[in-house]
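**Q** Here it is, the structure, as structure tokens.
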Amino acid sequence: MATVTTQASAAIFGPCGLKSRFLGGSSGKLNRGVAFRPVGCSPSASFKVEAKKGEWLPGLASPGYLTGSLPGDNGFDPLGLAEDPENLRWFVQAELVNGRWAMLGVAGMLLPEVFTSIGIINVPKWYAAGKEEYFASSSTLFVIEFILSHYVEIRRWQDIKNPGSVNQDPIFKQYSLPAGEVGYPGGIFNPLNFAPTLEAKEKEIANGRLAMLAFLGFIIQHNVTGKGPFDNLLQHISDPWHNTIVQTLGGN
């Protein structure tokens, strides 16, 4: 729950001029100081407001087990899923990985549709990609993907339970990942050498959450209209007053 500290002096309500000063926040937390100092009056007159923790709903207390120390922690857990510390560790990593997959998925759904529409490439839309002929059947590809993903997820779970235990490549012994924080392996997985700062983590988790919502929106949009997001955008732009969600849901 946000903490608001107020220090005021009756002198600020006097007939003196007002001077304001704003201090910006950082590291995902808002720290704002607002000082009103009367011109020619005592320098002790001040008014300070400080918010130290974000809330997903203003005025609603955050659960005690969500302290605001995690990236993207705004106290949102209405079902109490993260009350168990072991569950919280897993959910943190699960959200991080699902957010990364969602960002890749949304880009993989949207960009080919855009590039095909403007004539740069010619590939099937994402919702028709499963009907294409590949080097193996869809069921075979699914089994292969399941086995590979299963192996990766087991390794990831081992790293969550015992950080750093899977940094060594089990096949190519000459390769290993540097020691680091769980979920941010670095090395070959960080070719641009981005530092895992709190600000970067906040941005990644926020973009990952947006991507998960966008992915769900693309699926629902296609089930309703039979088209992808870019085609729907072009249709809306062609007649903004009539090609809207209202007309679509109304069946017009």
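Heads up, the Cβ atoms here are built off N, Cα and C, so glycines get one too.
Pulled the feature table from Swiss-Prot, pasting it below:
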type     : residues             : note
BINDING  : TRP56                : chlorophyll b 1 binding site
BINDING  : PHE76, GLU95, ARG209 : chlorophyll a 1 binding site
BINDING  : ARG100, VAL143       : chlorophyll b 2 binding site
BINDING  : SER137, GLU153       : chlorophyll b 3 binding site
BINDING  : ARG156               : chlorophyll b 4 binding site
BINDING  : LYS203, GLN221       : chlorophyll a 5 binding site
BINDING  : GLU204               : chlorophyll a 3 binding site
BINDING  : ASN207               : chlorophyll a 4 binding site
BINDING  : HIS236               : chlorophyll a 6 binding site
TRANSMEM : 101-121              : transmembrane segment
TRANSMEM : 134-154              : transmembrane segment
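How about a rundown of where these features are and what they're close to?
**A** Classification of TRP56 (chlorophyll b 1 binding site) by DSSP places it in coil, neither helical nor stranded. Of all Cβ atoms in the shown protein chains, 13 besides its own fall within 10 Å of the Cβ of TRP56 (chlorophyll b 1 binding site).
For the recorded site, PHE76 (chlorophyll a 1 binding site), the DSSP three-state label reads coil. Packing around PHE76 (chlorophyll a 1 binding site) is summarised by its Cβ count: 15 other Cβ atoms lie within 10 angstroms of its Cβ, all protein chains included.
If you take the C-beta of ARG100 (chlorophyll b 2 binding site) and look for same-chain residues 6 or more apart in sequence within under 8 angstroms, you find GLU204, GLY208.
When secondary structure is read from DSSP and collapsed to three states, SER137 (chlorophyll b 3 binding site) falls in the coil class.
Within its own chain, ARG156 (chlorophyll b 4 binding site) has GLN93, VAL97, VAL166 as residues 6 or more apart in sequence whose C-beta sits under 8 angstroms from its own.
Within 10 Å of the C-beta of LYS203 (chlorophyll a 5 binding site) there are 14 other C-beta atoms, taking all protein chains into account.
In the three-state DSSP reading, GLU204 (chlorophyll a 3 binding site) counts as helix. Counting every protein chain shown, the number of other Cβ atoms lying within 10 Å of the Cβ of GLU204 (chlorophyll a 3 binding site) is 20.
Close to ASN207 (chlorophyll a 4 binding site) in the fold, though at least 6 residues off in sequence, lie GLY99, MET103, each with a CB less than 8 Å from its CB.
Around the Cβ of HIS236 (chlorophyll a 6 binding site), a 10 Å sphere holds 15 further Cβ atoms from the protein chains shown.
Within the same chain, residues 207-208, 211-212, 214-215, 218, 228-231, 234 sit at least 6 positions outside the transmembrane segment (101-121) and bring their C-beta atoms closer than 8 Å to a C-beta of that stretch.
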**Q** So how many other Cβ atoms are close to GLU95 (chlorophyll a 1 binding site), meaning within 10 Å of its Cβ?
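**A** I get 18 for this one.
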**Q** Is ARG156 (chlorophyll b 4 binding site) helix, strand or coil when read with DSSP?
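**A** The three-state answer is helix.
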**Q** Cα-Cα separation of SER137 (chlorophyll b 3 binding site) and PHE76 (chlorophyll a 1 binding site), in Å?
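**A** About 42 Å separates the two Cα atoms.
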**Q** At the level of the C-alpha atoms, what whole-angstrom distance separates PHE76 (chlorophyll a 1 binding site) and LYS203 (chlorophyll a 5 binding site)?
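**A** PHE76 (chlorophyll a 1 binding site) to LYS203 (chlorophyll a 5 binding site), Cα-Cα distance: 17 Å.
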**Q** For the C-alpha pair, I'd like the distance in angstrom between VAL143 (chlorophyll b 2 binding site) and TRP56 (chlorophyll b 1 binding site), rounded off.
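**A** The separation of the Cα atoms works out to 40 Å.
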**Q** Under 8 Å between C-beta atoms and at least six apart in sequence, can you list the same-chain neighbours of ARG209 (chlorophyll a 1 binding site), or say none if there are none?
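**A** Residues satisfying the criterion: GLY72, GLU95, GLY99.
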